[in-house]
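Taking it in order: structure first as structure tokens, then the write-up.
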Amino acid sequence: MLTILVLVIGGYFVGSLSSAIIVARLAGLGDPRTQGSGNPGATNILRLGSKRLAGIVLLGDALKGFLPVWLAQEVGANAWAVAGVGLAAFWGHLYPVFFGFRGGKGVATGLGVLLGFSWSLALAVLGIWLSIFWCWRISSLSALCAAILAPFLAWWLVPDSAIRFAVVLLAIFLLWRHQDNIRRLLSGQEDRASKQN
């Protein structure tokens, strides 16, 4: 029980390490929460003008979702504990203790968590994201579609009910964090990525 508690708390703290804020500050770009879209994520770093830094942020956010889940599995935690660790890492990204509980929307970190849960699930969700983005060039729309379909894919691809339940919660929180994007999509005001991006 103590090991599980340590893993969950550790997952939250790892998730709280905001890659976008750390990378942007080290690169002299300031706080991404006060620039561009105001979201501390890879898309906003790209919007601020650096593909290289956006790639680093994307990788960092995905890894902080994947690594705690992987570690929990390596130490033999049961499915419910693994699910809890994944959710903790995800919530750490959304509400980071190190950055005033003002975090990102969880797309890359959520994908990292899914990869830890099931590589086939992660690939299926990524495939949906890429397909939608290729058609419409709207990052938020891609994330929303992937989040909506993720629980159904989990039901099909993942045998553990604990992991399925965790994926449902991940999807709900990701949709919740995209409320502003949903409003802009409905009003036709959401930004599209340029062809150069």
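Note that Cβ sites are derived from N, Cα and C of the backbone, with glycine treated the same way.
Quick look at what Swiss-Prot annotates:
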TRANSMEM  4-24  transmembrane segment
TRANSMEM  53-73  transmembrane segment
TRANSMEM  81-101  transmembrane segment
TRANSMEM  113-133  transmembrane segment
TRANSMEM  153-175  transmembrane segment
Note to self: Six or more residues beyond either end and a Cβ under 8 Å away: which residues meet both conditions relative to the transmembrane segment (113-133)?
What the structure shows: 62, 65-70, 73, 82-83, 86-87, 89-90, 107, 139, 141-143, 145-146, 149-150, 153-154, 157-158, 163, 166-167, 170, 193
Margin query: Under 8 Å between C-beta atoms and at least six residues away from its ends: which parts of the chain pack against the transmembrane segment (4-24)?
Written below: 30-33, 40-42, 44-45, 48, 53, 56-57, 59-61, 64-65, 67-69, 71-72, 75, 77, 81, 84-86, 88-93, 95-99, 103-104, 109
Note to self: Which residues of the chain, 6 or more past the ends of the transmembrane segment (53-73), have a CB below 8 A from one of its CBs?
What the structure shows: 7, 10-11, 14-15, 17, 19-20, 22-24, 27, 29, 41-43, 45-46, 81-82, 85-86, 88-90, 92-93, 104, 108-117
